[in-house]
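Beneath this line is the structure, given in structure tokens, with notes to follow.
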Amino acid sequence: MVDAEMAAFGEAAPYLRKSEKERLEAQTRPFDLKKDVYVPDDKEEFVKAKILSREGGKVTAETEHGKTVTVKEDQVLQQNPPKFDKIEDMAMLTFLHEPAVLYNLKERYASWMIYTYSGLFCVTINPYKWLPVYNAEVVAAYRGKKRSEAPPHIFSISDNAYQYMLTDRENQSILITGESGAGKTVNTKRVIQYFAVIAAIGDRSKKEQTPGKGTLEDQIIQANPALEAFGNAKTVRNDNSSRFGKFIRIHFGATGKLASADIETYLLEKSRVIFQLKAERDYHIFYQILSNKKPELLDMLLITNNPYDYAFISQGETTVASIDDAEELMATDNAFDVLGFTSEEKNSMYKLTGAIMHFGNMKFKLKQREEQAEPDGTEEADKSAYLMGLNSADLLKGLCHPRVKVGNEYVTKGQNVQQVMYATGALAKAVYEKMFNWMVTRINTTLETKQPRQYFIGVLDIAGFEIFDFNSFEQLCINFTNEKLQQFFNHHMFVLEQEEYKKEGIEWEFIDFGMDLQACIDLIEKPMGIMSILEEECMFPKATDMTFKAKLYDNHLGKSNNFQKPRNIKGRPEAHFALIHYAGTVDYNIIGWLQKNKDPLNETVVDLYKKSSLKLLSNLFANYAGADTPVEKGKGKAKKGSSFQTVSALHRENLNKLMTNLRSTHPHFVRCIIPNETKSPGVIDNPLVMHQLRCNGVLEGIRICRKGFPNRILYGDFRQRYRILNPAAIPEGQFIDSRKGAEKLLGSLDIDHNQYKFGHTKVFFKAGLLGLLEEMRDERLSRIITRIQAQSRGVLSRMEFKKLLERRDSLLIIQWNIRAFMSVKNWPWMKLYFKIKPLLKSAETEKEMATMKEEFGRLKEALEKSEARRKELEEKMVSLLQEKNDLQLQVQAEQDNLADAEERCDQLIKNKIQLEAKVKEMTERLEDEEEMNAELTAKKRKLEDECSELKRDIDDLELTLAKVEKEKHATENKVKNLTEEMAGLDEIIAKLTKEKKALQEAHQQALDDLQAEEDKVNTLTKAKVKLEQHVDDLEGSLEQEKKVRMDLERAKRKLEGDLKLTQESIMDLENDKQQLDERLKKKDFELNALNARIEDEQALGSQLQKKLKELQARIEELEEELEAERTARAKVEKLRSDLSRELEEISERLEEAGGATSVQIEMNKKREAEFQKMRRDLEEATLQHEATAAALRKKHADSVAELGEQIDNLQRVKQKLEKEKSEFKLELDDVTSNMEQIIKAKANLEKMCRTLEDQMNEHRSKAEETQRSVNDLTSQRAKLQTENGELSRQLDEKEALISQLTRGKLTYTQQLEDLKRQLEEEVKAKNALAHALQSARHDCDLLREQYEEETEAKAELQRVLSKANSEVAQWRTKYETDAIQRTEELEEAKKKLAQRLQDAEEAVEAVNAKCSSLEKTKHRLQNEIEDLMVDVERSNAAAAALDKKQRNFDKILAEWKQKYEESQSELESSQKEARSLSTELFKLKNAYEESLEHLETFKRENKNLQEEISDLTEQLGSSGKTIHELEKVRKQLEAEKLELQSALEEAEASLEHEEGKILRAQLEFNQIKAEMERKLAEKDEEMEQAKRNHLRVVDSLQTSLDAETRSRNEALRVKKKMEGDLNEMEIQLSHANRMAAEAQKQVKSLQSLLKDTQIQLDDAVRANDDLKENIAIVERRNNLLQAELEELRAVVEQTERSRKLAEQELIETSERVQLLHSQNTSLINQKKKMEADLSQLQTEVEEAVQECRNAEEKAKKAITDAAMMAEELKKEQDTSAHLERMKKNMEQTIKDLQHRLDEAEQIALKGGKKQLQKLEARVRELENELEAEQKRNAESVKGMRKSERRIKELTYQTEEDRKNLLRLQDLVDKLQLKVKAYKRQAEEAEEQANTNLSKFRKVQHELDEAEERADIAESQVNKLRAKSRDIGTKGLNEE
């Protein structure tokens, strides 16, 4: 873009792109590609430098600061050439590395170009100053521009998202991320500004402004100041930091028109309301109010303008240099006005804000001698209570003495000062948070419009990553959110991108960018993660922050790499744990986390809030439900659950919703970078920026953009869009596959063919190539358009020339005609022609114009209706697309639920393992306790033995004492000694008894402990036994199924030879089952047909009854009318005879008078004949026009209806194909996921298989039932449509007849009036006749003119109709071409998906085939296992497909229900039309009566005329000629009178005929309505029956295999019962047929009676008595017929009940057969699973063997290395010995030299200085050599030591490898044992499958027999039917 093109950006141009001059200067700058480099630097990360020299892998360079550095060569990175300076897309850099990206951003930032593209996303750096790049001029310049056509900007990202939304018809999202202070909020505002301005530009003509409110665009923009005032605050890093997250969705209509908007907010930082750090401040709204810009606010809120008067808002800073609080207050207040807030709402918000400030000033103190708090002054409490609409005393009482519920009673609790202060802060935070949420909801209400919306663009602005000195719970939530968003970015940019390459079959090596953050996310949110433990601790009443910390340490310290113990630094707040986030390590302080998470409130004060007189406050807390709130019935559970939800759980729920929304959109990423910590404009802190670039994945994103293919297009779209580049590459006439066409097209273009790749469904382009193709396309289009314009100009010029020639010819003709006219204009006959000619056409054309106008009006209404219908269809299509998006969201939610279920399953498996470990530990403890118990029992026995010995000693002593009592005196000394011994013994005994007691107590304690432990062990063993039993049952069932499967496989191999024939047999079984299902459906259909016929006969009987009643009523009416007609006719006859007599007398007189006026009479007759002819022509023309208009109207309506049906069909086809496409994609995903799941866990697979089989059976039954109901509904709909069409056609015919009759009536009345006027004129005078002649001529002229006008209107109408038809044809072709094209594309996608699926299956088979190289003996078994794995995958895919098809069927059923409701509404409307027609019929009757009255008046007037004629005859008696003329007039009048009477009679007859038709139509309407209601009831009953059947199927599936025998016996019993029921049904049917035959006879007789009645009606004048007798006969027969019909109805109901019973039993039998078949298939699937496990184990064995071999090779290599090292060591030792020898030699030489030196000294003393100098030089050389040799010797010693260490390491490694080899060998042996065990299990499963197969065949045989019997019974029923028909026809013939 040159400077002239940049002029469109105005003053923003230099801030967006380099000028041409700068580019030229950069290109001429000196640059050496080999010397100009980047080198690393400690402070600046990297600096520019020039290479001075290169030596030995090191480079010496001079930096740009003049410093010389030496670095390794691999640390030196090349600079890019000067033309890449300040490049707009860093993906285009030649050398892509960290310093290149850093310096490009730095240089652009220095020129204030803050936006830079980085591959697929945009990087922006906060300028910390205002730049003129956001004005309206810049917005207009970016509108509609491609990304490559304009400089990088947030507006370009926004416009691209907008264009993608319109072209791809997909929701978009713009994710603006970065650290706090990086400029996210400003960029969010700019995005919203762009969309608002674009919408305003595009919709200025239709913009409407509500009074008091702004436009929608203004409201969207003004939502920001309001949100910022209440949600933004100053932080350490940002003066205007958003302390909440927001996701703004801007909704657009189908055409891109702005429709509405809504805002979702996340995680408002409530704690800031009452606490701020020193360098921060509270939310802006507090300081805006205190700015005194609106003094009335200070008065209203009872506050001063000093922030330091209020404790809550003055803990940090109170002013910000970059923010003018006064101006911001006015902006906030104005925003409220624009958003439509009322003054009451605004004042309420200000009052609550002021009340929070007063809350912070409330003080409390301890009561004397008590620990309870009391208010220390009530002034602030009074103010806050006044502002909140509360009672101050109640507020203070609620704070100091809240009421707490204890049991069922409320108790007043005393609070200390600390508790009261905490409650005050919590209430202030809760009020502020709820007020903020209410404000967001109120804004959303304002932004919600009723305009249709289809797509949205979401803008996410959420708090950036935060690392403060003091990080609490809020920082954890914010950082966790940023982790999830960064993971979403990484997954979208790196994982999904590369996975798509693999799916599309592009050669691609997966690049691991090391950006997986899942470990940190799992640590926070997974079960037993940080938030889970926090929520668990909140559940326990005695939990504290320290117990929470202890649990964290127990679960994660040392176990998770992201969880660390923090290092507490002096001067910083204490930290309790540290987390390693993607942006750095954060130390968290957990003080108060439990309280913050539970967020408790003082419920006494909350109750006061609910009763507040301030409406806003009471609304905020109206729905608050605390722990003590009484629960209402029916709502208690919901309220309790919602009130207990913690802050962390709510945040996770909102975050998951946000991530789901983002996944359903196409994301655009904007990375905001903070340049420095000091907020200095233009300064880049290199380490800070590099840290952000690394964390944000900027470099990785550029690399994958460079290496990968960021642009991709479907083959069909590419071919359609770029075929224009070379049309010859794709021939027009022949069909070429889209992929081949794209390959040919790209191969024929002059581009780099390495820059693109062909996938399965898309063509992939490297960065920049698609832009080149777009440029080529634009050039090609411009050339084509230029050529078209040239050709168009030529055609237009030729047309203009042709017009000039035609104009010349026309002028010549006109001149010739004028000359001819001038020659004849004075001719008298021509003058007469000029006078008469205009008069002929005027009247006729006026009438034609009137009719044409009416016709035009009708056609216009029809056209408007068709347009409305088209709009409805378009709206319906939009709603269907919306439903598709909703379904995609539901599918995404279902996938998330599935993932959660898998995680829970994994957790359960882990819990099982832990429980088993605990059980093992408890059993070990039990064994220890038992050993201790045994020791104690042994000690106890020993002590008991000692006690018994002591007792025996005591007994002996007592005996001796008794013996020596006699010798007492003699043996006193002995007694004393003995007593002393006794005392000692007693003491010993006492000690022993004490010890015994202690031991007994210890023993008892041990027994108790043992009993407790035994109880625990029993419970654990019970649990273990249950688990083991469950596991054993599962394993037993698996083993049994494996045995059955093995038996089956052996049988199949014996019978068919290989596994493929087995699959064919399974397919045969399925085909048999399908045939059985089809036969069952056929039987059901035939039974339904029988029921329908019976019901039709019932309906016919009821209709006949109704017709009889109506005919009776009609007969009575006809009798009355006949009587009236007789009297009227008698009067008319009498009048006619009188008139005839009078006319005869007049004729006699006239004959005498003669024929004086014969000439006038002849002229009159001619005029009358001409008049009649013109009138007939006019009537014929009008009839013809009406017929053509009706035909055209009908044709137009049919075409519109046909188009509507075609559109519906095309939409259904499109939806079906799209669903099939998504299903194929999901099936492919399911195949891969099922493979992974099979490998992961056997238990998981078994469970999933069972559920899938159950679902498959359920869905299959549902699908069949749904298909039946859908077929019924379609047939009903078709029938109703045909009936409706027939009725509408009949109504049209009736309308035509009625209009014809009304026209006839009008003509007759007109004729009567004309006759009257003519009689008066002829009687009065001859002059009146001349006047009448003139008026008749004038009338003729008017009629001709009217006729001409009508013809012109007709032509105009035909033109309009042809135009409408052409538009209809255009629409039809458009829809057909679009649909065909879309269908072809979807078919191609379907084929490609099928090909991909087939390729995936082939790849799986190939991978499985590789495993067959284990051993030759296992080859056959391995192949079978692989095939079975394929079967498992197919069954899973089939189950998933059935599940999806079931959902599709449910959706189709809902659509049909909707269509049925629409047809019901159409039926009601047609009934309304019928009623309106009946009212019109009554009007016609009234008109007919009025015409009769007019006839009477005419007759009276006729009498008067006759009297006048008699008077005239008396006057003209003298003239015979006059009499003759009057005689002629009399005859003429008589003839006209007869014609009038006949016309009147015909009109009466036609009216009666029309009345009969209308009555019949009403009857048919009523019958249709009754039939529809009956069918609806039947369908409801069938659906209910299907529901019950489904429940029965579920119950039957839940029963075990043990019920199989019972089901077989039940089947036999049912079979017998069915046979009996069939016999009974045959008897009942024969009886019903007899009754039906009799009813038919009676119907025929009734029909004959009706015919007689009709004849009697025609002859009612002659035979009134006969008619009465026939009516009596009809009444008697009608009563008989009603009685017989009642009996017939009872019989039909009985047969219906028996048929339903038989049908139900047949369904149950088929369900049991299906159950057996599903069990068989489940056994087969389980066998496949076991064999898959076997193959997995074999692959593990193979891997282990391979590892063993690798280890052996490593050991060999290590041994060879050791040998080599030993040789080297030996060499080193030899060299060392050689050096040692050399050293000794050198020492010897030194001694010799020393000796020589002595001699030399002596010589020197003797003989000269020169010799001395030489010797000294030689000594120095020798000393140098000695030093060098010593150094070499030391180095050789070091090398020897290194080699010795290397030898030791190698020997140790060989020993380790040997041990690993032994372990692997043991593992191989174990795995082989498992393989053998699995083989045995597979054989047992095969045996069981054989038994089930035999049972299935037996049941199938029984089912076949039952069906044969049903066929026999059906044939008998058909015979009986035929007989009944024959009997009925015979009866009719006899009658």
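Glycine residues also receive a Cβ, built from the backbone N, Cα and C atoms like all the rest.
Checked against Swiss-Prot, the range among 149-171, 655-677, 678-700 recorded as region 'Actin-binding' is 655-677. In Swiss-Prot, the annotation region 'Actin-binding' applies to 757-771, one of the ranges 532-546, 757-771, 832-846. Region 'Disordered' is the annotation Swiss-Prot gives to one range among 51-79, 1037-1065, 1240-1268, 1907-1935, and that range is 1907-1935. Residues of the same chain lying 6 or more positions beyond the ends of the region 'Actin-binding' (655-677) and with a Cβ under 8 Å from any Cβ of it are 105, 109, 118, 120-126, 128, 154, 157, 160-161, 164, 168, 170-184, 187, 237, 247, 264, 266, 458, 460, 464, 480-481, 484, 488-489, 492-493, 683-685, 688-689, 692-693, 696, 698, 885, 888-889, 892-893, 896.
Same-chain neighbours of the ATP site beyond G178, E179, S180, G181, A182, G183, K184, T185, judged by a C-beta within 8 angstroms of the site's C-beta center, are, in sequence order, N126, N238, S241, G464, C672, I674. When the recorded positions S180, T378 are scored by other C-beta atoms within 10 Å, S180 scores highest. Counting residue by residue with DSSP, the domain 'Myosin N-terminal SH3-like' (32-81) contains 3 helix, 30 strand, 17 coil. A distance of 41 Å separates the Cα atom of S180 (ATP binding site) from that of T378 (phosphothreonine).
The Cβ of G183 (ATP binding site) lies under 8 Å from the Cβ of T124, I125, N126, C672, I674, each on the same chain and at least six residues away in sequence. According to DSSP, T185 (ATP binding site) sits within a helical segment. Between T185 (ATP binding site) and T378 (phosphothreonine), the C-alpha separation comes to 42 Å. The most densely surrounded of the recorded positions T185, T1282, judged by C-beta neighbours within 10 angstroms, is T185.
In this structure, the CA atom of G181 (ATP binding site) is 70 Å away from the CA atom of T1282 (phosphothreonine). The Cβ of E179 (ATP binding site) lies under 8 Å from the Cβ of R237, G464, F465, E466, A583, C672, I674, Q692, each of which sits 6+ residues away along the same chain.
Ranking the binding-site residues G178, G181, A182, K184 by C-beta neighbours within 10 Å puts K184 at the top.
Taking CA atoms as the reference points, A182 (ATP binding site) and T1282 (phosphothreonine) are 68 Å apart. Here the C-alpha separation of T1282 (phosphothreonine) and G178 (ATP binding site) works out to 65 Å. Summed and averaged per residue, pLDDT over the domain 'Myosin motor' (85-778) gives 85.
Between the CA atoms of K184 (ATP binding site) and T378 (phosphothreonine) there is a gap of 44 Å.
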